[in-house]
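K.L.:
Annotations for this protein, taken from TrEMBL, read as follows:
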type     : residues : note
TRANSMEM : 63-88    : transmembrane segment
DOMAIN   : 65-479   : domain 'Major facilitator superfamily (MFS) profile'
TRANSMEM : 100-123  : transmembrane segment
TRANSMEM : 130-151  : transmembrane segment
TRANSMEM : 157-180  : transmembrane segment
TRANSMEM : 192-214  : transmembrane segment
TRANSMEM : 220-240  : transmembrane segment
TRANSMEM : 293-313  : transmembrane segment
TRANSMEM : 333-354  : transmembrane segment
TRANSMEM : 366-385  : transmembrane segment
TRANSMEM : 391-411  : transmembrane segment
TRANSMEM : 423-447  : transmembrane segment
TRANSMEM : 453-474  : transmembrane segment
Amino acid sequence: MTTACGVVRRLSRRRREEVGVATAAAATARASDGGDGDGSIVAGGAAADVAIDAASRSSGYRFVVVALVAFALMLCNADRVIMAVAGVPLAAANGWGERAIGLVQSSFLWGYALTPLLGGILADRYGGKVVLGGGILVWSLATVATPFVAASGSLGFLLLTRAIMGLGEGVALPCMNNVISRWVPKSERSRAVAVSMGGFQSGSMIGLLAAPALLAAGGLPGPFVLFGALGVVWALIWSVTSTTYPAQSTFVNAQELAYIEDGGATTEATTASGSAAKVTPPFKLLLSKAPTWACIIANFVNNWGFFILLAWMPLYFKQVLGLNLRDAAWFSALPWATMAASGIVAGTLADSLIARGWSNTHVRKLIQGVGFIGPAICLVILPFLTTPAQALAALTCAVGCTAFTQAGFLVNFQEIGPKYAGALHGMANTAGSIAGMLGTYLTGAVLEATGSWRAVLFVTAAVYAFGAITWLTMSTGERVFD
């Protein structure tokens, strides 16, 4: 680790020197260019100006990295949401009831709950490039295999395949936080997380919209094979275009590197002291602080509501509002488009408020408060609405407010402990996975036993309210861990 630290430091210095060398060379060319006449001198000066401008212009490659992360998260969510649509014909073909559908939905989370913490630790130690690339390969291959395993009629093997898919996807969000903490300066961090999570939410919309058409065109394998293949292609592109730190990338010039590192991005020199023991996250210390638990509880609450909305809203529209599966997919997909846009608005607003002098703590409390209180109110109202348009409006408002979490607790990991952002997110995401697992399964059990959607929605609203109270009383936007 000490050797790697030295290598990255040398790379950083070398990149920072590039602008100075190029600028000096251009200036020398201008000064020494006597030419044969005024025209030659002007031409030489213009060429030198172009050289200076080219040398000092920021490469902007961090935006490419963020875009790649956003696309990976889009595939992550699209792959998992396909089952929300395919689960109904799959269950009908095999004679399974709603409890079995809930079991299939929650089995994804059996694997998903196991890898966020491990993925976060590995990302902090080895970098998000390797861990995220490996994760997407695992979940994409499992996605391709899903329809063929389901065709065998074996519920057990299908549950195992979904769990393996969850193992791969469990590393995605901790890796996202790790990559952004290293590639993005603090002043752009809320927006970077919002754009990445916008990709995540867009995956819900794209999966729900595309799945019915792909099912009609290619049968049960259609959506699974297409999205799984896209994941494999992404992994290949990621392997040749990304690096652990921007200082290692040939696509990042000196000006951009200086902007990133001077802007507070995590670098190897600040995340390791040369001692291997220091690299291991101090879990006892992390768990002894209230802000850590604020993030853990927030992730639990967010995932409880998110996975219920993601997995069960198509069935809600079908059973309660009388829409067929294709219409339910269209209607329940539209709010996710709003969520993607709302998240970017929240990120922009958060960065803007901080730039105007608001404290990080006040901004995170405000933004996350909207992310929890808004959905709670909407879900209380939803069962009293009787038309598809009214229900769609309430659901759209709920998930739109939920998107504010992208500039709330999801950024907070990098603020309270930038050295351990991956591990902190991993712990919180593990709690969130447990919440999603319980929420999706219990929803199916309650529906099969009582047929009551009202009970499901009211309990979910109460969970959101609990999350708001704990966040407002326990969170901070300041650094807690050195």
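Cβ atoms here come from the backbone N, Cα and C positions, even for glycine.
Automated prediction, rather than curation, is the source of TrEMBL annotations.
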K.L.:
With contact taken as 3 or more Cβ pairs under 8 angstroms (pairs 6 or more apart in sequence), are the transmembrane segment (157-180) and the transmembrane segment (100-123) in contact?
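P.N.:
By the criterion, they touch.
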K.L.:
When each of 63-88, 391-411, 423-447 is checked against the transmembrane segment (293-313) for Cβ pairs under 8 Å, which one has the most?
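P.N.:
Looking only at 63-88, 391-411, 423-447, the most contacts with the transmembrane segment (293-313) come from 423-447.
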K.L.:
Using a Cβ-Cβ cut-off of under 8 Å, list the residues of the same chain that are 6+ residues beyond the ends of the transmembrane segment (391-411) and lie near it.
P.N.:
173, 177, 189-190, 193-194, 197-198, 201, 294-295, 298-299, 302, 305-306, 309, 313, 317, 320-321, 331-332, 334-336, 338-340, 342-343, 346-347, 349-350, 364, 367-368, 370-375, 378-379, 381-382, 385, 425, 428, 471, 475
K.L.:
The transmembrane segment (192-214): which same-chain residues, six or more beyond its ends, come within Cβ distance under 8 Å?
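P.N.:
Distant Cβ neighbours of the transmembrane segment (192-214) are 66-67, 69-82, 84-86, 173, 176-177, 180, 183-184, 222-223, 226-227, 310, 314, 325-326, 329-330, 332-334, 336-337, 339-341, 343-344, 346-348, 399, 403, 406-407, 410-411.
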K.L.:
Same-chain Cβ contacts of the transmembrane segment (63-88) under 8 Å, 6 or more residues past its ends?
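P.N.:
The answer is 101, 104-105, 108, 132, 136, 139-140, 143, 146-147, 162, 165, 169, 172-173, 175-176, 179-180, 183-184, 192, 195-204, 206-208, 210-212, 215, 220, 223-224, 227-228, 230-231, 234, 237-238, 241-242, 251, 310-315, 318, 325, 329.
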K.L.:
Same chain, outside the transmembrane segment (423-447) by at least 6, Cβ under 8 Å from its Cβ: which residues?
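P.N.:
Same-chain residues near the transmembrane segment (423-447) but 6 or more away: 98-99, 101-103, 105-106, 109-110, 112-113, 116-121, 124, 166, 170, 173-174, 177-178, 281, 283, 286-287, 292, 295-308, 311-312, 409-410, 413, 416-417, 453, 455-456, 460.
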K.L.:
Taking a Cβ cut-off under 8 Å, which residues six or more beyond the ends of the transmembrane segment (366-385) line up next to it in the same chain?
P.N.:
298, 301-302, 305, 346, 349-350, 353, 391, 393-395, 397-405, 407-409, 453-454, 457-458, 460-462, 464-465, 467-468, 471-472, 475
K.L.:
Could you tell me the mean pLDDT over the domain 'Major facilitator superfamily (MFS) profile' (65-479), as a whole number?
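P.N.:
87, rounded to a whole number.
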